[in-house]
Amino acid sequence: MTQLAIGKPTPLGAHYDGQGVNFTLFSAHAERVELCVFDANGQEHRYDLPGHSGDIWHGYLPDARPGLRYGYRVHGPWQPAEGHRFNPAKLLIDPCARQIDGEFKDNPLLHAGHNEPDYRDNASIAPKCVVVVDHYDWEDDAPPRMPWGCTIIYEAHVKGLTYLHPEIPVEIRGTYKALGHPVMINYLKQLGITALELLPVAQFASEPRLQRMGLSNYWGYNPVAMFALHPAYACSPETALDEFRDAIKALHKAGIEVILDIVLNHSAELDLDGPLFSLRGIDNRSYYWIREDGDYHNWTGCGNTLNLSHPAVVDYASACLRYWVETCHVDGFRFDLAAVMGRTPEFRQDALLFTAIQNCPVLSQVKLIAEPWDIAPGGYQVGNFPPLFAEWNDHFRDAARRFWLHYDLPLGAFAGRFAASSDVFKRNGRLPSAAINLVTAHDGFTLRDCVCFNHKHNEANGEENRDGTNNNYSNNHGKEGLGGTLDLVERRRDSIHALLTTLLLSQGTPMLLAGDEHGHSQRGNNNAYCQDNQLTWLDWSQASSGLTAFTAALIHLRKRIPALMENRWWEEGDGNVRWLNRYAQPLSTDEWQNGPKQLQILLSDRFLIAINATLEVTEIVLPAGEWHAIPPFAGEDNPVITAVWQGPAHGLCVFQR
């Protein structure tokens, strides 16, 4: 039997050099590490890793080739109170594996035990890692490097975006390949999108609880192999990486960036009753935040929390991010529950991972977007991330909905959010683009559901409608659910138009949820993470072409307004913005706080957004000059040239002079 050579301690993972494969694994508390390789018949062969450099275990297997399936058995103490849960009866996934063979099914053998170890061997059913070799012709691919001030983000799910698209070949719908299909690229270009932000594509598992209910984790925020692509989105799992890179290359040729939603805050091992896949059995004490009683700090709501204050875990996370940039040419990341990245355990801007990203010549050059909170005390950190990061701006989301749907927000508060929330983000040299403005996202109501439902309807999730937020700031306009009279449909349409206009013509970086431009509904489900079905798949055959055209016109209008594209904070007298009342006069202090919801926003001295958010038709006197309504607002209801606008209830219009 071939013996392992000592090999070398870097890089982490399994790497083929043309003659064999070098294997490395971090574990600070292991006493022994076995590399387990499996032949074509499934027969297991075990090798002790002979090299031990600091906390890195390593070995080199001569004559090993790509396609080899492997895993690890890690020996060490079973001391739950101290956070140690080693169990060599369980085959473990390499945290840096780039391909996985097998499925993560709900099976008792994939659990290590809670108080006492489960010593039943699981190699026969455990997923295996696969050694891969990386050869890919990027041709002349180059990152679009779209300036932040010109960025329009489109948040989408790989499968849900194209699975029902009638113009995309059936055999590739819902896959990575479909993302790069000319039909999809042309659609994104016509819409005006500059960045496609994808929900997680790193391999994830469905929670055992969901599997028992016949459901699955659809969104993908339950990672199990952070370097491996989720195989279900590939036409062929063996070619997933090339399919993904083909799509990125095609999108780049069209000038569209690709941003990945990535989960560095927890793993699919969940709480101590959850499955054992990898980190818990490799070095539980190092990889996770452990309480004094040996249980996990659950700062994510998912059962465990990755310890990104540990230098080795920071190295792992940094290597993961570099992999996606260097190997797949992605243009940036959106970090789920990103406050975890800065925990020491207190949140700090100079936390190790933030510093590593800032000092990395690769990662410091890509777009970085934080979901700036977690569920721990002190977890709400909006505005507090390092300058390299942009952040999801929930202040904008809530303000836009409250202003147009609940009618309870003063003009001053609305204007503050419209102006990139400078009270939150104008610090440490940050620019307006640091505010990622959104009205909706994958998490919550769709835009159509915001105007059709007062209450969530999550019964299909199997939790008796307890899951999902109750703070939706939605308005069904008098009838719960879809459909209704022509008047009801028109009022809902007007509210959608108002929200889209606020999103796409405000200062900051706009993010549009895929399907909102269609009128997509999830029938009131505001937490559709486990709905891999027609509730979440975009139905292109039912898309509202009028709403899509309205959205595209807004995006193209945005690109004509210097005040929105120059990415500079608005200052008094700089000509970027003037805030006027219904008589075209500057608003008084009282009007800002207590005045009627009527406002004129003059941008770049040529573009005017006239707003009447009251219940009555109101005459709005425009500033001096010859004004004409412009697409998508020009039409029968808005005269071509006017000095006075008859503003309908809850209406708005954009003019140019």
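Glycine is treated like the rest: Cβ placed from N, Cα and C.
In Swiss-Prot this protein carries:
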ACT_SITE  Asp336  active site, nucleophile
ACT_SITE  Glu371  active site, proton donor
SITE      Asp443  site 'Transition state stabilizer'
REGION    460-479  region 'Disordered'
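The two recorded residues, Asp443 (site 'Transition state stabilizer') and the residue listed as 'active site, proton donor', show a Cα separation of 12 Å. Cβ neighbour count within 10 Å across all protein chains ranks Asp336 highest among the recorded positions Asp336, Glu371, Asp443. DSSP labels the residues of the region 'Disordered' (460-479) in these numbers: 2 helix, 0 strand, 18 coil.
When the Cα atoms are compared, the residue listed as 'active site, nucleophile' and Glu371 (active site, proton donor) turn out to be 5 Å apart.
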